[in-house]
Amino acid sequence: MAPTLLALAHWSTWAVCAVIKLPQLAAVLAAGSARAGLSLRAVTLFCVFLFSFLVFLRYQIYYGYPLQTYLEYPIIIAQDVILLLFILRFSGNMKRALFYAVTFGGGWYMLTLRKWIIDLAMNLCTFISAASKLAQLRCLWQTKDSGQVSALTWSMSAYTCASKLWATCCEALTFLFLTLYLLMSL
């Protein structure tokens, strides 16, 4: 039963991640304006967080982790890139798209030039992600406006975090028990 619950956690997380940005994408498209999406300040924070997703994804691929442990990241990254392109298009800043593409592409390549670079980037990734979230919360507090962030989006985000945490703990405990069993059988 545990493998079934673990598979269900993975699949449900991927399914939620596949639709988590759709409300924001729909709001930007319906309004035909970047104002329905994010401010320039929020886009900058958004790009920092997107880069941390790219670092995490590159780290997982570099070290050969199983796809099921990080499949939600390419899904979220694709939606974030589409959202960023819509925001840039509607705000009249499509020239910035090339800058972001070169920056993200160059970063993707440079991360694996040396092993220490990817390891350092991954260690800094948690700090960067936390700092960008704190900056987003500060911005929300100052403006007293949550923009297009709905309770549904927050709920979906909380679910994906909780299910990934649960799945990671289950996989770690399974590994621990198997290791202890093998050590005891020697």
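Each residue, glycine too, has its Cβ placed from N, Cα and C.
Please treat TrEMBL annotations as automatic predictions, because they have not gone through curation.
Note that the coordinates shown come from a computational prediction; the quantities given were computed from them, not determined experimentally.
As annotated by TrEMBL, transmembrane segment applies to 12-31, 43-61, 73-90, 97-117, 165-184.
Using a Cβ-Cβ cut-off under 8 Å and counting only residues 6 or more beyond its ends in the same chain, the transmembrane segment (43-61) has close neighbours at 69-70, 73-74, 76-77, 80-81, 83-84, 87, 100, 104, 107-108, 111-112, 118, 121-122, 125, 128-129, 131-133, 135-136, 139.
Here the transmembrane segment (12-31) has Cβ contacts under 8 Å with residues 37-38, 71-72, 75-76, 79-80, 82-83, 86-87, 90, 148, 150, 152-153, 156-157, 159-160, 163-164, 167 of the same chain, all six or more residues outside its ends.
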